[in-house]
C-alpha cells in the first residue's frame, strides 16, 4: 500500500476530529466539515438511513415531551401547585423542536424558514447545486464529527474495503498530496488547511443532546436570502391560463421527461426491473410502435416539447421509503436478477447529508476517452474535480447530471483502478498472445500518456479503467490486434493486451477506431485531468444519487441488432431469431448504448436491419434499472439518410436539444403560427422615452452581424465642451412581448438562437425579427446606455441609462464595418468609435498600450458564441472586435446598475477562475516552451499571452489555456458569494448579458430587471424562479455553442475532403503543441484545428521519448510512405472503417507536386461547386500553409522534408519531434460516418527522392 494510503488509514484511527477550511461553494458554505469512515461502499449509506430514521423518531419523542411539558405547566399555573422536582428539571432540559424539514405537516410555517427545501424545481436548491451548508451545523456538535466504524455487511454493489471520506478529510488528504509534490520539487498548488479542534465546552454526557443528525437550525443564524419568508409564492411555469388560450402550448407528459421517470410512483422507477414491467400497461409511445391505436407523431410540438422548467430528478419521499434498497436480498433484486449498481440514496435525506459534509454535489463530466470514467465539478466547493473510476462508481449517471458524490480515499480507488486495468490486459491477452506487455503504470486507454519511467517529472495524460459489465468485458476478450511484421523481431510473446515497442504503444484495432471518432469529431482535442501513479487525482468518489437530469434530452444515432463491438465479429455473433432488443448507438460518444425494445423499432427492422444501417434516428432514455448494464429507451423519430446534408444538420440540432418547432403552426407545420405578432407600442408609452430620432443631431448607425437583422446601434457626438457622447442602443424587445405569454414561454423554452454556417435557428418568430429589427429611418423603441467621455483621455465622466427611441441613419454589416476600418483611412466618425473601443479594452486588461488585434478569440468564446460564423474558429475581424468591446462595456454597466438596485435578485454572468491543478499544469507546459509569465491574475495572464509575437505559438498557448477554463455561467446574485461574481476570461468584476435580446432569452430577464430599476418599481420575481431560468439558460447556451462548433466541423470536413478529393489527403505544415511518449499533438492554423498524431499509425520501427528535453524520436522504416501505409491489423476489410476507402491511393510525392503546382498557377484546390457554396455563406476558403524553400532546385516533396529535423545513426533513421516545431503532416477527412472525422499523420522524411 502506498504512503498516501497509510497516512489516510492512520488518520482514520485518530480520536480527535479534523477540520479543513472550505474553499467555496455558496453563500452558506461551512467553516468546517467533519469526517466519517467506512469499510465498504454500501456501509455509510446504511448508517445514514439508520441515523435519519432514529433522528426522526427522536424528534417525534421530543415534540411529544414538549407538548406534555407545556400541558403540565399550564395545569400547574391553573391550579397554583408547583412540583419542585419538575421545576428543577424544566430549568435544565428543553427538548429540541422537530426539524422543519421533517415536519409531517407540509403547510407548517417552518417550511418557509431557513430549513425549507423547495421541491417544485431542480438545480435551484443551494443545498444541492452550491453545496450550501449551515455554518453553525457542526461547530458545536462534536458528536456528529466523530469517526465511526461499524461492522459492515458484505459489499454487494461495489468494491470492498474502501474508506469513505467526509469533505473535510478529503481536503486534508489532497493538501498532503500537494505538499508532497512541492517538497519533491514539483510544480503544484497549495491548499489552505486549518486545523481546528472541536470546542470542548460543547461536549455533552448524553448522546441525545450530543448527537443531532441532521442538526437543528440555529435560532440566531443570519437571514438566508435563498429561503426568505419574504419570498412570493412558489414559481409556476408556464403560469395558469387566464382567459382564452390561442395556442396549443401543452406541457409534456412525464413519460417524455427523463428526469421525471425516476422513482415516480406512477411510472417504472430508474431502479426498477424492466422485465417485471411487461405486465404493466405500456406508457411509452413511439412512432414505430406496432399498435395502430397508440400511434403518435413524435415530431409534433406537443410531444417533443421539453418542460419549461427543470423537474426534480426524484420524487420527494420519506427517507424510510428507500430502506428496501438495502434489504437482505443479497445480490439479487426483487425479480431475482443480480443488482449491478447500487440504488440511489433517497432524495429527502441528501440536502442534510450535503450540509453535514458527508456528500458533495456537482456536475458530472464523462471522460470521452473512457466513457465509464468521469469527473465531477463541484462549482468551487473543492479545489479540484472529483475522479469517478469505472461505471459502478459512476452509477448510471450521464453527462451533465447533477449528482451527489461520496468521497473515497484516493489510494483505494487508484489501486482498484490498476487492478481492473491489469485484469483487462490479461483478458485481452487470451486473444493476443504475441504482444509485448505494457508497464503497469501505462494507460490502456491513452497512447498520449507519459509514464513515470520516462516522464522525468512531467504530468501524463488521463488514464482510467473500465470496470464495466459482462458485455463490455466479453467485447474486450474478442479484441485482436496484430502489428507490422517488420518489427516482430523486436519483441517476444507475452501475456498482455497492448503491444509496446520502446515507448511506442500499439493499440487494439477497436481502440484505434474509437480514438478516430473521439479525437476526429471535434475541432480541438478534448483533454481530461492529467493523472498517473505519480500524479494521482486529488479527490475520488462514487455517485450515490442523481439529483437532477436535464429534461427532454434527445440523441441522434444509428440502430442495429448487434452491439457495435459485436458487429466487428459478426460471423460469430449472429442475432437471435426473435430478438427482443435493438441497440441504439448515439452519435455522441459520451452517451451510452441504449436498449430499444424491438416492438418500438420500425416494423420490419428485425427482418431488414441492414436497410436501416445508413439511417439516423432520434431516441430518448426512459429508465436505467440497477439490474441492467445499459439504459432503456424509445425511438422518437427517423431523421433520414446518414449522408443527407439536411439530416446531418437536423441531427446536430436534435443532439443539442433544439427541435426548432416551438413556433410552428400545427395545422401547417411548414409555417409559423400567424398569431405570433409583437405587441404594438402606444403613443403614450413612447412619450416618456428619451428621443434620439433627430438625424441632424444624432448620427446613429445600426450594426447587423448577419446583414439582415439588427438589434444594436451606436452614435458618437462631440459635445463641444471637451467631452464626447457615446450612445449604445439595444432594441427593447420585452416591450413587445407580454411576460408569461405564449410567445414568452416559447422563447424561454428555446432560450438561445443557434448560429451555424448551414442554418440559423432564431430565438423569436420571424415576424418579430422583421418587425423589431433596426432599420434606417425607422423609429424603434430601445434601451440605451449613454456615456459622457473626456475627449482627451476617453475616460467615462458620467453614464445615463434609460428607455429611448431611435431612428438610425445607416446600417452596417460587420463585413462592411471591417472593410471601412481595415482600409487604413476610415471616417473620423468610425475612427473615434475604434479608439473608444481600444480605450475600453486597455482599461479592461490594465494595459495602456493594448491594441485591439491580436485578440484571444478562444477565451472570448467561453462567454458567447459568434453570430457571424467563420470556417476557422480562430478568425476575428477588426470590426467584430470593436463592436464586441463596446458591447462588453455596456453589459458590465448594466450589471452594476441592476445589482446596485436589485441586489440578490440580479441575473448576472460569471466565469470562475480555472481549477488550481489545471492552471499548475498549464504553467508547467508554457515553462517547457520557454515562457514564464504571471498566471496568478487574469489581466497578467492575458497580457502575458498577448505579448507573444509568434502567431502560431501565441495561438497554441491560447489553446492550452482555453482547455483549463470552464464556460461562463448565468447566476442569481443571492445564490453566490460576492467574491465569486467575477468574469475571469474578461477580467471584469461583474457582468451580465444585455445587448442581444433577439438571440438570448437571458437578456429578456435583464431587460425587465433594468426597467424595474429605471421606473423604481418593485421587482417581484421569486429568487428560486430566477434560479431555474438561469440554469436553463446555461444549459441551452452551452447547447447552442456545441451545435455551432459541430456544424463548423461538419462543413470543415466537407471542405478538406473536397480539397483533397484528387489525392485523398492534404499535405500541409503544422505546429507541434505537446509531445508524449507514443504520440504528439499538432495545431494547423489555417483550419483552426488541433489533432493527435499516433505512432502506431506510422511506419515506425520504434520510438524513444526523452522526458527531460521533451523530445520524441521516431525511428522510421526508410522508403515506406506514410501517405499509403496501412498497418497490418487494419488490412482486413472487416477490421476498419469504410470511410477511409481510397484515402491512401496517392503518394506523398504526388500530393506535394499537385499542391505546389496549383499554388504556382494560382489554381484553387477546392472545386467550383463548393467554392460557390462557401461564397454564398460568406465564408473564406482556407489556404494551405506550404513550405518556402530557398533552393528552387528542390522538388516538391523535398521542400516539405527539408523542414524536418533528422539524423541517421548506423541503420537508424531518426526524426526528432520538438514542441513548437513546425513539421509537415498529412491531413484527411473521413466523411462516411454519422459525424465526419479529421485525422492526421506525420510525413516520413526518409523516402526515396522522386
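Any Cβ shown, glycine's included, is placed from N, Cα and C.
Between the listed residues 322, 828, 1167, Swiss-Prot assigns phosphoserine to 322, with no corresponding entry for the rest in that record. For the residues 108, 492, the entry in Swiss-Prot flags phosphoserine at a single position: 492.
Feature annotation from Swiss-Prot across 164, 474, 502, 1135 places phosphoserine at 164. What Swiss-Prot records as phosphothreonine, among 206, 227, 255, 823, is residue 227. Within the list 286, 461, the entry that Swiss-Prot describes as phosphoserine is 286. Cβ neighbours within 10 Å of residue 688 (phosphotyrosine), excluding its own Cβ and spanning all shown chains: 9. For residue 164 (phosphoserine) paired with residue 688 (phosphotyrosine), the C-alpha to C-alpha distance reads 64 Å. Residue counts of the domain 'CSD2' (582-657) by helix, strand and coil are 18 helix, 28 strand, 30 coil (DSSP-based).
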